[in-house]
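J.: I am attaching a structure below and will ask some questions about it afterwards.
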Amino acid sequence: MLDSPLLSKIIEKPTALSVLKSVFGYQSFRKGQEEVINAALNGQDALVVMATGNGKSLCYQIPALCFDGLTLVISPLISLMKDQVDQLQANGIEADFLNSSQTLEQQQQVQNKLISGQLKLLYVSPEKVMTNSFFQLISYSKVCFIAIDEAHCISQWGHDFRPEYTQLGGLKASFPDAPIMALTATADYATQQDILRHLNLKNLHKYIGSFDRPNIRYTLEEKYKPMEQLTRFVLAQKGKSGIIYCNSRNKVERIAESLRNKGVSAAAYHAGMETAIRERVQQDFQRDNVQVVVATIAFGMGINKSNVRFVAHFDLPRSIESYYQETGRAGRDDLPAEAVLFYEPADYAWLQKILLEKPETPQRQIEQHKLEAIGEFAESQTCRRLVLLNYFGEHRQTPCNNCDICLDPPKKYDGLVDAQKVMSTIYRVGQCFGAHYVIAVLRGMHNQKIIERQHHKLSVYGIGKDKSKEHWQSVIRQLIHLGFVQQVISELNPTLQLTESAKVILKGEEPLELAMPRISAISKIAHNPQRQGVANYDKDLFARLRFLRKQIADKENIPPYIVFNDATLQEMAQYMPTSNIEMLQINGVGSIKLERFGQPFMALIQEHKAILANAQNND
């Protein structure tokens, strides 16, 4: 780690603002940060709910540098600890971690740092922090502050409940003079109350920030030919970093292989792989050696890669919290990012079937509530951002103009006759076939199974041949959403059945408006590019700065975003700083990073400016 006398000077009499500027390289606080930091410095416990990408980590890292003593950071994931420690060390901060991934020799080195008082921050797992051996070790240090990251893990209402978190309620008794800060990006009201109850927080400062991530565009793509749709979307990203989530290991492997066959740098990641292989995939992704990771939900929590430009869900997540957290791994640098959910009603029905196979317990009721909420989100015809925010108790009325519903509002038509055709066909084939078969009968397809079952002789055979398969898929989905048709998952295949509500439609007793099938929502993305994070930056210089960053990162054996993130490089490409004073005005460039990395970037910028000047003179 860099042992710089400059850092000692910076933190000799630190204030929150001086640490923010000198160590982390930012000129001002983001909304909520300063009040949370001041609460900690005043000795208050705090509950902080702050969206990913809004600077949650700084809320405890800055007080840690202001306090005279050790800060404990309790974190659930080994890879997350290492990633955060790497970033702190890049800023010249004495930080380290203790966990099961280390050798005995490595653990002893950390323990020696603790005993000698070298460390400002120590990251540790929840299962380790409450052990007698850890208390004995920590007795050599003055613990002045405790941060509990991913605090939603303490709550059974949370989407990622971890039993080991429940023992953290004893921290307040063990360290009565140390303020405790519990932080999370995903906690509804019930989860927030659970966190407070378990942790016994006193003299509380509560900050519930906005859950909005305005730089992320939310899009739902109805599945027609899902693998083709996904491939088209990934290829349109033109080499940008992204994560694709699936619900099964087999699907992860198949999609990764299919993308590689299309020329995409893609890797699979799931719990069935050897640990060493998973670690290699994660490292390759962090270091921009792999473009796309196709993963189960196990991937992503352990990294803070800032330049993930898209997250795609090939399957429906089990809760809005999971969806929000997973999509939140995109755009952490505040630059535009895409979140695409590929969906069909069978996805929801399948998750419902799995859930109902569990014993009937209070936990199953919680999971049912969360599953229904994500189903409502997927089927909504209103602004997706408003649905998301409303779930977390943040009520807004103004549509976002940055989701598929806002960019391409559904167009309505009189759908009564179409609905009657679909329902009649479902009824005539015995309510024991799925959507594909019903559509084949509707469209009069010459299908061997249809002929074997004599369904080509039905009165409904071919009554929908004037419209496309995609049209009828859309009609069936909407009838499911509206409750006129239900999809029943059996051990064999999903089947369509009529509900009691279908009678009024079949009899024509009520009007029915349906939405016209939309062209691919993904194609709308291509025609509605998002705003760029920094206006008027030199794109050629930005590309050269990224290449230089990759060279430095590989040499230092760290991920590129730990050197400087994309937003910082865009500012450099706009303002073109060539002196230390100018460089320190760039967000994300602190004194330590300037000392460690600044010179080659300024040299490259100087060279680029000379090239531009020569070109202008020649004109």
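A Cβ is built for glycine as well, from the same backbone N, Cα and C atoms used for every other residue.
Marked as domain 'Helicase ATP-binding' by Swiss-Prot: 37-205. Annotation comment: Swiss-Prot describes Met50, Ala51, Thr52, Gly53, Asn54, Gly55, Lys56, Ser57 as ATP binding site. Positions annotated as motif 'DEAH box' by Swiss-Prot: 149-152. Annotated domain 'Helicase C-terminal' per Swiss-Prot: 229-374, in sequence order, evidence recorded as sequence analysis. Among the features that Swiss-Prot reports, Zn(2+) binding site is placed at Cys383, Cys400, Cys403, Cys406. What Swiss-Prot records for 535-615 is domain 'HRDC'.
I'd like to know what surrounds each of these features in this structure.
T.: Residue density at Lys56 (ATP binding site): 23 other Cβ atoms are found within 10 A of its Cβ, drawing on all protein chains shown.
Shown for the motif 'DEAH box' (149-152): DSSP residue counts in helix, strand and coil, namely 2 helix, 0 strand, 2 coil.
Across the range of the domain 'Helicase C-terminal' (229-374), the DSSP-based residue counts are 66 helix, 26 strand, 54 coil.
If you draw a 10 Å sphere around the CB of Cys400 (Zn(2+) binding site), it holds 20 other CB atoms from the protein chains shown.
Per-residue confidence over the domain 'HRDC' (535-615) averages out at a pLDDT of 92.
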J.: Rounded to a whole angstrom, what is the C-alpha distance between Cys400 (Zn(2+) binding site) and Ala51 (ATP binding site)?
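T.: The separation of the Cα atoms works out to 17 Å.
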J.: Would you mind reading off the Cα separation of Cys403 (Zn(2+) binding site) from Met50 (ATP binding site), to the nearest angstrom?
T.: 22
J.: Using DSSP reduced to three states, classify Cys403 (Zn(2+) binding site) as helix, strand or coil.
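T.: It is in a strand.
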J.: Per DSSP, what is the helix/strand/coil residue tally across the domain 'HRDC' (535-615)?
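T.: Once the DSSP states are binned, the domain 'HRDC' (535-615) shows 61 helix, 0 strand, 20 coil.
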J.: Give me the Cα-Cα distance between Ala51 (ATP binding site) and Cys406 (Zn(2+) binding site), rounded to a whole Å.
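T.: About 22 Å separate the Cα atoms of these two residues.
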J.: How many other Cβ atoms are found within 10 Å of the Cβ atom of Gly53 (ATP binding site), counting all protein chains shown?
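T.: Neighbour count, Cβ to Cβ under the 10 Å cut-off: 21.
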J.: By a simple count, how many Cβ atoms lie within 10 Å of the Cβ of Cys403 (Zn(2+) binding site), its own Cβ left out?
T.: 24
